Amino acid sequence: MAVTPLMPVYPRSPVRPVRGEGCYLYGEGGETYLDFASGIAVNLLGHGHPHLTKAIQDQAATLIHVSNLYGSPQGEALAQRLVDSTFADTVFFTNSGAEAVECAIKTARRYHHHHGRPEKHTLITFKNAFHGRTLGTISATDQAKLRDGFAPLLPGFTVAEFDNLDAAKAAIDDHTAGFLVEPVQGEGGIRPASQEFMKGLRALADEHDLMLVLDEVQCGVARTGKLYAYEHYGIEPDILASAKGIGGGFPMGACLATEKAAAGMVIGTHGSTYGGGPLAMAAGGAVLDVVNTPEFLERVTRMGDRLRGALEQMIPNHDHLFESVRGLGLMLGIKMKTDSRAFVTYLRDHGLLTVAAGDNVMRVLPPLVIEDSHIAEFVEKLSEAARQYELPQEAA
Ligand SMILES: *Cc1c(COP(=O)(O)O)cnc(C)c1O
């Protein structure tokens with residue numbers, strides 16, 4: 001048999017981590033990597049953070065799983081904390097980002113169903129968006145590489161140009177249920193939406209009684225220097241999908257909604273065997289303990305400014321490779337003049353972990369607990385690698 005025991009759907013790199021400590025990962029053969037990928041914006045507290053580790057250890061020894069047949073003191077406590085800290089009145093816990101988006105889509109459709117308008121079932125989504133890999137969430141994007149070979153996809157999505165308010169407005173029709181948008185596109189290339197766009201979507205949603213659904217799976221949970229990125233825009237969504245960083249590495253997600261938006265999500269309408277289990281709640285609670293303080297969030301902004309400043313200073317020295325830096329807080333991307341994927345691979349061999357994204361962008365997503373020394377090490381090694389990097393033949 002030629003197929004590998006692990007279904008070969010990932011082009012896995014030769015990096016084979018077996019241990020992590022703070023901002024560093026260690027490979028099978030003892031290699032050291034400075035981790036500015038954070039498991040794709042997941043390990044907010046780096047690796048082996050004592051508070052998160054202890055919370056998971058203690059909870060694992062106390063109670064791991066019981067199902068949603070029973071009362072959940074752990075889920076109630078974490079939901080209350082999220083409600084207290086956000087726009088939301090109610091929370092559904094999931095195990096992943098795609099499930100959080102699925103719950104958000106269902107909640108938006110159900111809102112209109114509840115009000116006797118079942119024909120309003122279509123979400124307006126945006127070019128180059130990424131919402132996950134389930135059938136529903138691949139149907140919500142226009143990216144062929146995610147969709148090819150999986151037809152028939154689900155109806156109920158219309159794709160408009162990202163950050164183009166006129167396009168969003170023009171896409172509204174009698175079937176529109178709402179908008180589904182990442183305030184900062186992640187996989188699409190670290191593209192923050194403009195103030196005008198986000199405020200405009202809110203206004204359109206209010207005007208037409210539509211749901212504004214935010215996918216903050218990547219940009220949420222302190223990554224941008226706010227607990228959720230919508231806070232940068234002076235607006236509030238109706239529904240929000242959160243995951244990745246929310247568990248600090250423990251698989252979990254959440255769909256947050258206002259009481260109004262969740263009107264149709266009554267008993268029996270949704271569920272999950274594992275969602276909101278005690279172990280996940282312990283992890284989520286420990287992450288919030290650390291990141292949801294004004295001091296921590298300000299620190300993310302400060303470190304984001306420093307990292308961005310250092311990268312911007314470096315760029316002119318390697319302007320054959322790098323074009324510009326973009327992003328918010330510690331969700332940064334370097335727009336490259338050459339293939340970002342090839343460069344990310346090259347950096348791995350030099351002990352630096354970053355993540356490629358669309359639009360020839362290299363994502364720089366360090367743990368939120370980085371120190372100045374990590375920024376200095378990253379920029380120094382990046383600069384050194386850029387000096388040595390030979391442009392591939394076709395780009396030279
Ligand atoms: C990663 C991601 C998802 C999917 O999350 P999974 O946990 O992989 O299902 C959805 N939306 C955005 C914006 C993401 O970055």
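Using the three backbone atoms N, Cα and C, a Cβ is placed for every residue, glycine included.
Per TrEMBL, the features are as follows:
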- Gly97, Ala98, Phe130, Asp215, Glu216, Val217, Gln218, Thr273: pyridoxal 5'-phosphate binding site (BINDING)
- Arg133, Ser272: N(2)-acetyl-L-ornithine binding site (BINDING)
- Lys244: N6-(pyridoxal phosphate)lysine (MOD_RES)
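Shown here: features listed in TrEMBL, placed on the structure.
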| residue | record | Cβ neighbours (10 Å) |
| --- | --- | --- |
| Gly97 | pyridoxal 5'-phosphate binding site | 30 |
| Ala98 | pyridoxal 5'-phosphate binding site | 23 |
| Phe130 | pyridoxal 5'-phosphate binding site | 24 |
| Arg133 | N(2)-acetyl-L-ornithine binding site | 14 |
| Asp215 | pyridoxal 5'-phosphate binding site | 32 |
| Glu216 | pyridoxal 5'-phosphate binding site | 30 |
| Val217 | pyridoxal 5'-phosphate binding site | 29 |
| Gln218 | pyridoxal 5'-phosphate binding site | 29 |
| Ser272 | N(2)-acetyl-L-ornithine binding site | 18 |
| Thr273 | pyridoxal 5'-phosphate binding site | 10 |
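Thr273 (pyridoxal 5'-phosphate binding site) falls outside any helix or strand according to DSSP and counts as coil. Taking Cβ-Cβ distances under 8 Å and a sequence separation of 6 or more, the neighbours of the residue listed as 'N6-(pyridoxal phosphate)lysine' in its chain are Ile40, Ala41, Val42, Gly97, Val217, Gln218, Gly220, Val221, Gly253. When the binding-site residues Ala98, Asp215, Glu216, Thr273 are screened for a C-alpha within 10 angstroms of the C-alpha of Arg133 (N(2)-acetyl-L-ornithine binding site), the residues that qualify, in sequence order, are Ala98. The separation of Ser272 (N(2)-acetyl-L-ornithine binding site) from Phe130 (pyridoxal 5'-phosphate binding site), Cα to Cα, is 23 Å.
For ligand 1, there are no nearby binding-site residues; that is, of Glu216, Ser272, Thr273, none has a C-beta under 6 Å from one of its atoms. Under DSSP, Asp215 (pyridoxal 5'-phosphate binding site) is assigned to a strand (E or B) in the three-state scheme.
Taking the C-alpha positions, the distance from Ser272 (N(2)-acetyl-L-ornithine binding site) to Ala98 (pyridoxal 5'-phosphate binding site) comes to 13 Å. The pyridoxal 5'-phosphate site in the record is lined by Gly97, Ala98, Phe130, Asp215, Glu216, Val217, Gln218, Thr273, and its two most distant CA atoms lie 25 Å apart.
According to DSSP, Phe130 (pyridoxal 5'-phosphate binding site) sits in a coil region rather than a helix or strand.
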